[in-house]
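Engineer: For reference, the structure I am asking about is given below.
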Amino acid sequence: AAMKIPAHPQRRNYLQQHWWFVMQLLHYDLFGVSMIIPLLSHHVKALGASPTVAGLVGSTYGILQLFSSTIVGSWSDVVGRRYSMLTCLLLSALGYGLLGMSTSIALFVLARIPVGLFKHSLSICRALLSDLVSEAERPLVMGHFNAASSVGFILGPVVGGYLTEHEGGFYTSSFTCAAIFLLNTGLVWLLPWSDALTPRANANYNSSAMGSKIRTVASSDMWDLFLVRLLMAIAIMLYYSNFSLAMEERFMLKPKATGYLISYSSTLGALAGCLVGPVTKLYGNDMPALLLHSTVLTCCLILLYAMAPSVWHVLLSSTFFAISTTIGRTCITDLELQKGGAHASGTLIGAGQSVTAVGRVLAPLLSGLAQEFSPCGPPSLGVGLALAAVALLLVRVPKWDGRCKRKEAKLDKTHRE
């Protein structure tokens with residue numbers, strides 16, 4: 001649906017005209033990825049890896065994302081969203097194609113390299129939307145973005161789970177995902193890109209501009225936000241890390257049934273994305289308080305999943321987990337852009353993704369070690385990390401509120417003068 005967004009007239013018109021097009025990119029991207037993600041643990045195990053080795057292999061993607069996220073985000077600020085998006089989609093397609101030929105652990109690791117370095121299409125989309133909208137409407141638009149992201153996860157796990165029950169199903173899923181990324185490359189190439197999307201001066205198109213943006217973010221006082229992002233990223237990844245495998249070991253649930261459960265959760269996540277705007281207004285745009293409450297709820301739901309005695313308790317946990325994580329993800333992104341400034345939105349979002357990438361490095365390792373003791377080990381560890389995030393927010397939120405009040409007072413004084 002078209003959206004009313006009070007931004008620069010050219011940018012507003014562009015987004016209203018091509019909103020459906022951008023959302024289709026998201027749907028296809030996440031549909032392809034969600035066919036693969038739930039099957040990775042099964043595939044690595046089928047290749048003969050122990051839980052600890054599987055954790056080490058899984059960390060490859062996170063290590064590469066750690067180093068590439070901020071660089072690619074800043075690069076997209078400099079060269080523009082279109083060319084960075086085309087590059088990322090093409091090389092991601094190559095990675096998923098190689099994954100379809102991974103008959104050994106070595107080939108599996110090789111296939112994860114291009115994906116780890118260049119799977120930043122969603123981050124570039126977020127930066128594009130941040131370019132196009134005003135700060136007041138950003139939570140609403142990011143909520144719709146997260147809703148569209150969740151829609152992509154509705155059918156993917158079901159299709160992937162269905163295919164994996166047939167011979168060669170994982171390889172079929174991988175090649176299908178590669179084809180989807182090639183399709184998205186064509187869509188981005190065909191999408192008309194307005195001059196309003198590239199307002200930066202030509203002098204900025206150089207490596208010093210990219211380095212300057214990275215230094216600006218690195219020197220900002222955002223350690224608390226990034227630490228909360230890291231703790232919650234690891235906690236959420238531990239929840240999902242062995243989800244399909246744990247459901248089979250704990251409740252004898254087949255991958256196809258687990259795919260339905262993941263799709264159900266994603267459907268609720270999509271609906272939650274549409275509720276972000278109204279919920280933000282209900283909180284009076286108090287994003288720190290909303291982040292704190294969503295984090296507390298997420299912590300409780302991970303605990304419920306870890307202790308669940310039946311599938312029905314897992315279903316209850318999944319129902320509200322999708323909602324709390326969608327709201328929390330929107331809050332943390334908006335707070336980062338508020339504190340860091342939208343002048344380097346690609347760099348900021350890339351920096352946030354680098355922090356998340358640290359979680360992608362640590363989560364598989366921690367999950368593999370925890371699984372050596374129990375299938376419930378990863379989510380149990382996630383509860384502890386989520387509690388640490390809650391404690392940090394309880395300490396830091398009052399300081400954020402104080403800064404906001406001082407900033408507002410300064411602005412009021414400036415307007416009076």
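Note that Cβ sites are derived from N, Cα and C of the backbone, with glycine treated the same way.
Just so it is clear, the model here is predicted, and its values are computed rather than measured.
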Engineer: Which residue range, 52-71, 112-131, 312-331, is the one TrEMBL calls transmembrane segment?
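Structural biologist: Going through 52-71, 112-131, 312-331 one by one, TrEMBL flags 52-71 as transmembrane segment.
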Engineer: Take the C-beta pairs under 8 A between the transmembrane segment (170-191) and each of 52-71, 83-111, 222-241, 290-308. Which stretch has the highest count?
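Structural biologist: By the under-8 Å Cβ criterion, the transmembrane segment (170-191) pairs most with 83-111.
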Engineer: Who are the chain neighbours of the transmembrane segment (52-71) in space, where the CB to CB distance is under 8 Å and they lie at least 6 residues beyond its ends?
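Structural biologist: Contacts of the transmembrane segment (52-71) (Cβ under 8 Å, skipping residues fewer than 6 from its ends): 40-41, 44-45, 105, 108-109, 112-113, 115-120, 123, 210, 214, 217, 241, 347, 350-354, 356-369, 372.
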Engineer: Does the transmembrane segment (222-241) reach the transmembrane segment (290-308), going by 3 or more CB pairs under 8 Å (6 or more apart in sequence)?
Structural biologist: yes
